[in-house]
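First the structure, in the form of structure tokens, and then the observations on it.
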Amino acid sequence: MAAAKSSIKTATSFFLVLYSTMILFFALPCFSSDPDPLQDFCVADLSSTTTIVNGYPCKPVSKVTSEDFFYSGLKDDASTLNSLRLGRSLADVKTFPGLNTLGLSLVRIDLGFGGIVPLHVHPRASEATFVIKGEVLIGFISTDNVLYSKVVKEGEMAIIPRGLVHFTKNVGLSAVLLSAFNSHLPGTALIPDNLFGSKPTIPNDILAKNFRVNESVIASIKSEFGDDH
């Protein structure tokens, strides 16, 4: 009985925080990242070949159905069987076309033991992350090179300002997070992949001078970002 009450309390807290997050991020114009829509909705036509500018072209209203506004892609665990012990399930305009022009998206993050979300930035959105399960270390670095970080526990949340480098590390057995963004396509630039796995690659001498190491060190790191890794 006590376990059931605890489960209900946790679920209630989750939805209260999620609802508050939605109000903060998406209902107030001052927090909007994407341009304001000029129609009730604009379900994305992902097959269109028209040039994309701040959103996909709209599917004709006559072809829009109820299914365009409902999505179940976040309900299942994402596999963490990889080197980062990281699984992600996306609900952005590319996976959920009904989000087109609405200025919001979500991602579910599953972390196995020792799992991390690598250093990265979202160039088009701020982020609100709610911890559904477990404990994680979340941190971001300001443009003054100050690290702000804290271990965030189940039922707690964190805010990451738009465009700042940040990371997440699981400090427990496993963790499940839900992150909300004030953009239908926030973008994710993974710093390690950008620096060492770009195509064509950044010249070794440039990276060596930036990191103040020998070029052989850069070459060794780049070898870990090949197609087979």
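Glycine too: its Cβ is placed from the backbone N, Cα and C atoms.
Automatic prediction, not curation, is the source of TrEMBL annotations.
TrEMBL annotations:
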SIGNAL    1-32  signal peptide
DISULFID  CYS42-CYS58  disulfide bond
DOMAIN    72-219  domain 'Cupin type-1'
BINDING   HIS120, HIS122, GLU127, HIS166  Mn(2+) binding site
BINDING   HIS122, GLU127  oxalate binding site
- What residues, ordered by sequence, lie under 8 A Cβ-to-Cβ from HIS122 (Mn(2+) binding site) and sit at least six positions away in the same chain? ILE160, ARG162, GLY163, PHE181, SER183, PRO186, GLY187, THR188, ALA189
- Item | Residue among the disulfide-bonded residues CYS42, CYS58 whose Cβ has the most other Cβ atoms within 10 Å | CYS42
- Nearest to CYS42 (disulfide bond) by Cα, among HIS120, GLU127, HIS166 (binding-site residues)? GLU127
- Which numbers of helix, strand and coil residues does DSSP report for the domain 'Cupin type-1' (72-219)? 22 helix, 59 strand, 67 coil
- Hey, of the binding-site residues listed (HIS120, HIS166), which one tops the CB count within 10 A? HIS166
- Task: Summarise the model's confidence over the domain 'Cupin type-1' (72-219) as a mean pLDDT value.
- Result: 97
- Message: List the residues in the vicinity of the Mn(2+) site, defined as same-chain residues other than HIS120, HIS122, GLU127, HIS166 with C-beta within 8 angstroms of the site's C-beta centre.
- Response: VAL121, PHE140, ILE160, LEU164, VAL165, PRO186, THR188
- Note on the structure: Excluding its own, the Cβ atoms lying within 10 Å of the Cβ of GLU127 (Mn(2+) binding site) add up to 22
- Item | Alpha-carbon spacing, HIS166 (Mn(2+) binding site) to CYS58 (disulfide bond), which is rounded to whole Å | 33
